[in-house]
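Novice: According to TrEMBL, the transmembrane segment annotation covers 12-29, 35-58, 79-98, 136-155, 162-185, 205-222, 234-252, 272-292, 313-331, 337-359.
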C-alpha cells in the first residue's frame, strides 16, 4: 500500500508531542497536551488503529482473512520484540544506574522490580507487569492480537453496530472501576500478586474503545464521516466550537482544566479515557477532516514525514532516551528546568531525527541494492 504523506506528518507531530510528555522537564505537563484534554497517546492509538483497519480490509480483499491475520500477528510480534529490547535495557542499564547512583525517580518507576526482580521479569515478558513508559507497547501488542477477532465480528451478522455497542459498554464499565474489580477477583481466586498500579497506567478496558473506533474508522468510517461533514447541518461548526472551548478550558483553567481537579478527575482522567477526552478526540477528528485534509495535501513538511515513516523505530528510541534522561534527576526528585531542561529537550528531539535519518539511509541503501542492474 502506497504511503500517505499526510499520515506520516501526523505521526511525526504526535511523536514530537509524546516525547515532550515523557521527557523529565518542568514543561512536560503544560506542553504535552497543547490541544485540550487530549494527548499524543490518544491520537497515536487512534491513528494506528485506523491504519490497521484499512490495511486489514485491503489484505483481506486481496489475499483473504488468513493473510490479513498473518500481517496483523506479524506486527504484534515485531512490537513485542521491541518491548523485550526495552525491558532488557531497563532491567540492566537503567536499574543499575538507579541503584548505584540513588535515583529516586527511576526507583519509584521500577518499584515492583526492585521489590521482586524475578517476578517482575517474568511478569513483564508475559505483558502482566508494565512499568511506566513500558506500558505503551504491551497495549499495542494486545490490541493487534485481538484485531482479527474484532474485524471478523464486524464482517459477520454482528456488524460494526454490534461491535461498537460491546466496546462502548466495556468502556462505560471501566469508568466505574471494572478493572480494579477484575484484579481483585484474580487476586482472590488465582493468587494474582502483581499490584494493580504495576500492571500499567492505561486501563485497557477503556482504551479498547479508541482502538475499535479506529478500526471502524479505517475500515468504513472515514468515508461516512466525510459525507456527514460535507452534507452540512452544522456538524463541522459544532466540532470546531467544542474543540476551541475545550482548548481554552484546559489552558485557562490550569493544566487539568479544573480549579478543583481532584473533585472532577472522573471527567478528564487520561488513563480511563474519560468522557471529556472522548468528546475532545471526536471533535478534533472532525475538524481535521473538515478543515485539514486539503491543507495537509498541499503543505509538505519533509522532516515530519521522515519521522512518520520511521515511527516504530523513533517511538522505541524515544522511550529508551526518556528512560536514560530520567536518570539525570537527582535525589531531590524534581523535573529539570532552565538550561538543563532545554538540554534534555535538545537531546531528546535530536535522537528522534537521528533515528529517522538513519532509517531513511538504510532504506535507500536497501532499495539501491535491490534495484535491477541495467543490461
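Placement of Cβ uses the backbone N, Cα and C atoms for every residue, glycine included.
Show me how these features fit into the structure around them.
Specialist: The list of residues near the transmembrane segment (35-58) in space but at least 6 beyond its ends in sequence, with Cβ under 8 angstroms from a Cβ of it, reads 1, 7, 10-11, 14-15, 17-18, 21, 68, 71-72, 75, 136, 139-140, 143-144, 147-148, 151, 202, 207, 210-219, 222, 243, 246-247, 249-250, 257, 268, 270, 273-274, 276-277, 280-281, 284-285.
If one looks beyond the transmembrane segment (136-155) by at least 6 residues along the same chain, the residues whose Cβ comes under 8 Å of a Cβ in the stretch are 41, 45, 48-49, 52-53, 56-57, 60, 65, 68-69, 72-73, 75-76, 79-80, 82-83, 86, 127, 130, 162-163, 200, 202, 204, 207-208, 211-212, 215-216, 219, 316, 319.
Proximity of distant same-chain residues to the transmembrane segment (162-185), defined by a Cβ-Cβ separation under 8 Å and at least 6 residues beyond the stretch ends, is recorded for 150, 153-154, 192, 196, 199, 203-206, 208-209, 212-213, 216, 266, 272-275.
A Cβ distance under 8 Å defines the sequence-distant neighbours of the transmembrane segment (313-331), meaning residues of its chain 6+ beyond its ends; these are 15, 18-19, 22-24, 82, 85-86, 89-90, 93-94, 97-98, 101-106, 109, 133-134, 136-137, 307, 340, 344, 347-348, 351-352, 355-356, 359.
Using a Cβ-Cβ cut-off under 8 Å and counting only residues 6 or more beyond its ends in the same chain, the transmembrane segment (337-359) has close neighbours at 15-16, 19-20, 23-27, 303, 306-307, 309-310, 313-314, 317-318, 321-322, 325, 328.
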Novice: By Cβ distance under 8 Å, which residues at least 6 away from the ends of the transmembrane segment (205-222) in the same chain are close to it?
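Specialist: Same-chain contacts beyond the ends: 42, 45-57, 139, 143, 146-147, 150-151, 154, 160, 163-164, 167-168, 170-171, 173-175, 178-179, 182, 271-273, 278, 281, 285, 289.
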Novice: Below 8 angstroms Cβ to Cβ, which residues of this chain, lying six or more residues outside the transmembrane segment (234-252), approach it?
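Specialist: Contacts of the transmembrane segment (234-252) (Cβ under 8 Å, skipping residues fewer than 6 from its ends): 33, 35-37, 228, 276, 279-280, 282-284, 286-287, 290-291.
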